[in-house]
Structures are given as structure tokens and as C-alpha cells.
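Trainee: Provided herewith is a single structure, encoded as C-alpha cells, for subsequent inquiry.
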Amino acid sequence: MKTKTSVSVGLLFALGLSGCGPAADASAESETESPLAIAIHGGAGTITRENMSAQREAEFDAALREATEAGYAILEAGGDSVDAVIAAVQVMEGNPLFNAGIGAVYTYQGEHELDASIMRGDSREAGAVAGVKTVESPIALAREIMQNSRHVMLSGEGASQFAREQGLSEVENNHFNSEHRYQQLQDALKELERSQQAGEQIASNPNWDPNFNMGTVGAVALDSAGNLAAATSTGGMTAKQYGRIGDSPIIGAGTWADNESCAVSSTGHGEYFIRYQVAADICSRVLYQDKDIVTAGDEVIHQVLPSAGGTGGVIIVDNKGNVHMPFNTEGMYRASKTSSQPLTVGIYNDEE
Ligand code: ASP
């Protein structure tokens, strides 16, 4: 998308900036490309080539491409970054491969409790929803909360009531069921029982599969007007206790967007992302320490989080359209496309 920058010569003279003679044109006009960018993730975890069949890899690849293209098409048509991140996230909410919407993990009680949030970088308006059970698209509800409520975060039954008032579609909780997540719950319950009997702490249990804590989806984007946005949606953590809320709906931890610095969506062990305010911390390093997103993102994901025991990753886009996607796990489902780079998909930690 092209933007025209037109500066009048009169203004240049007034500012003492013109080196032009009297014969200069009435306006100095230049055409510049406004950068566009989108990056998405579909969760981080113990994702290795050994554990991945060719068919499953192809399914993830196709899903990540579909989500990225859905968001990028909106940016390319001159659309808003908020619409772009929602379009990308909704593709993944609808795909059972991901721990968001259909395919969300099960709680300890065998249900699904969904969290999501969205933030826009121009006004820092934000919307978040926690612990909803029957809203078909939690990210759509997060946007309604941002745009049409007096609040930033709604939870549980109140959030569902608001969704109804806004005319969003509702489904039965079992709409989000999937066989592989059910199996994951059975494995988690067995491990919980074993560790309780042994008197072990789950938080430091080496047998606790890190994948029980992961699989969230998210998107960050920069649109042609220079506005950043970030969105995150999740089922949370397998076998989570009643009422547990992770980082995904917490502005500053799971989601952050500020036009002056960057937009971030997180995935990983949410308790650590909350305690270290991961998304906002990365953008604060960009804003106040003048770091680029590679330095800021790597510091938080590869130094701050691991020293505390936190695992996961983030996707970051800055206000110039640069993208960085650091993670400290064996893999993170991710993809990006910008006006200067074609669509790229990554899964493992040995790929760019
Ligand atoms: N961060 C999410 C949570 O803790 C889980 C994930 O990223 O997969 O709820």
C-alpha cells in the first residue's frame, strides 16, 4: 500500500529547511511504501521432528499459512490491524490442531474454559475475556469488550451475558471437544494423582509434560496507517484448577500493543508470563532502552524467563514492520508475512 507524503514549500521555508531556489515546484512530493506485517503463533512446546509425522507437519503448515494469509489479505486491502489479527486468530480458533476454540484443552473437571485478549497500539484500548465456556469465538468477544463496554476485562457468566447482548454466537461447551486433548487430560490426571501420592510439587515436577501448559494462538500486525495490534486466544492449561486464569487474557503479560514500540503475543507457561509481564516488558525495553525487538525479545525470552524457570515464546512486530519470534522451547508453531518478506512458516528451533 502506497502513501503519499506531500510537504508544501512554504512550510519548508517557514521551518528554514528548504534549499530550493525560487523556481522550485509548489510542493515536494514523495511516494513511500507503508510497511505491512503480520506474525502469528500456534503455541510453543516440546515440538521435535522425532515426534512429528509428515502428515501432521503438513497440517500445521497449511493451517499456519491459512491464518497468516487471512490476516495479511486485510492489511493488503488497506484494512485495520485489529481486523487482521482477529481474522488470523479466528482461523486457528476454528482448527482443532490448536489449543483455542475447537481443540481447546480440558480443565481438571473435564470442561473447556477459554481466555482471550486484544489490544490496539494507537489508543492502547484493550479488551479481555476470561473463563468463558460457551462463546464460540473468544477473540471476537474480546473485541466487543474493547469497543462496546466500559471495561477492559470480563469473566465467566457475566462475559457470556455480554456476548449474548452483543449478538455473538454461542455453542455448547462440547463444541470445543477433541480426542487428542481428551487423551492429554487423561495423561495429566494420571500424573497429578501419581505426584500427589508421592507428595511432589507439580510446579517442579520433571515428569509434568510441558505441552500440558501450551498451545495458545496469537497474532500481531502492523497496518498501512502505522497502527499495531495484538491478539491472543487460548484454552489455557490442561487440567487447570477451577477458575485458573493464565497470561493470555492479561494485558501486559499475554498481549501488548503500543504504536511507539511494538506488539507482542505470548505463548507458554502462563504463570511465569504473568509474573514477568513478558509482553509489556519486551516493548518497554524497546521504548525506554531504545533496543530493537531482537535484542529486547531475546533478553526476556532467553535470559529473564529461563532464569526463573519459565518456558515459551512470543511473536513481536515493531512499528517499522520488523518481525521477531523468539522461544526457549524445542519448537513454536509460527509464521509471518510482511511487505518486504514472503510468507515463512517455522515449527522447530533449528529454523530461522
Ligand atoms: N499461556 C497459556 C496459559 O498459560 C498457555 C499456552 O500458551 O499454551 O494459559
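Cβ coordinates are placed from backbone N, Cα and C, and glycine is handled just like the others.
TrEMBL lists THR216 with the feature active site, nucleophile. The substrate binding site feature in TrEMBL is assigned to ARG244, ILE245, GLY246, ASP247, THR267, GLY268, HIS269, GLY270. The coiled coil feature in TrEMBL is assigned to 168-202. The signal peptide annotation in TrEMBL covers 1-23.
Give me the structural setting of these features: burial, nearby parts and distances.
Mentor: THR216 (active site, nucleophile) carries neither a helix nor a strand DSSP state and counts as coil.
Secondary structure at ILE245 (substrate binding site), taken from DSSP and collapsed to helix, strand or coil, is coil.
Confidence for the coiled coil (168-202), expressed as mean pLDDT, is 91.
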Trainee: Who are the long-range neighbours of the coiled coil (168-202) in its own chain, taking Cβ under 8 Å and residues 6 or more past its ends?
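Mentor: Here the qualifying positions are 96, 99, 101-106, 108, 110-112, 114, 133-137, 140-141, 144, 160, 208-209, 211-212, 235, 238-239.
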Trainee: Say we define neighbours as other CB atoms within 10 Å of the CB. Which of the binding-site residues GLY246, GLY268, GLY270 has the fewest?
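Mentor: Least crowded of the binding-site residues GLY246, GLY268, GLY270, by Cβ count within 10 Å, is GLY246.
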Trainee: Between the Cα atoms of HIS269 (substrate binding site) and THR216 (active site, nucleophile), find the distance and write it as a whole number of Å.
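Mentor: Here the two Cα atoms lie 10 Å apart.
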Trainee: When you measure from the Cβ of THR267 (substrate binding site), how many other Cβ atoms are you left with inside 10 Å?
Mentor: 34
Trainee: Measuring CA to CA, name the entry from the binding-site residues ARG244, GLY246, ASP247, THR267 that ends up nearest THR216 (active site, nucleophile).
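Mentor: So, spelling it out, the nearest of the binding-site residues is THR267.
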Trainee: Would you identify the secondary structure of HIS269 (substrate binding site) according to DSSP, in three states?
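Mentor: In three-state terms, HIS269 (substrate binding site) counts as coil.
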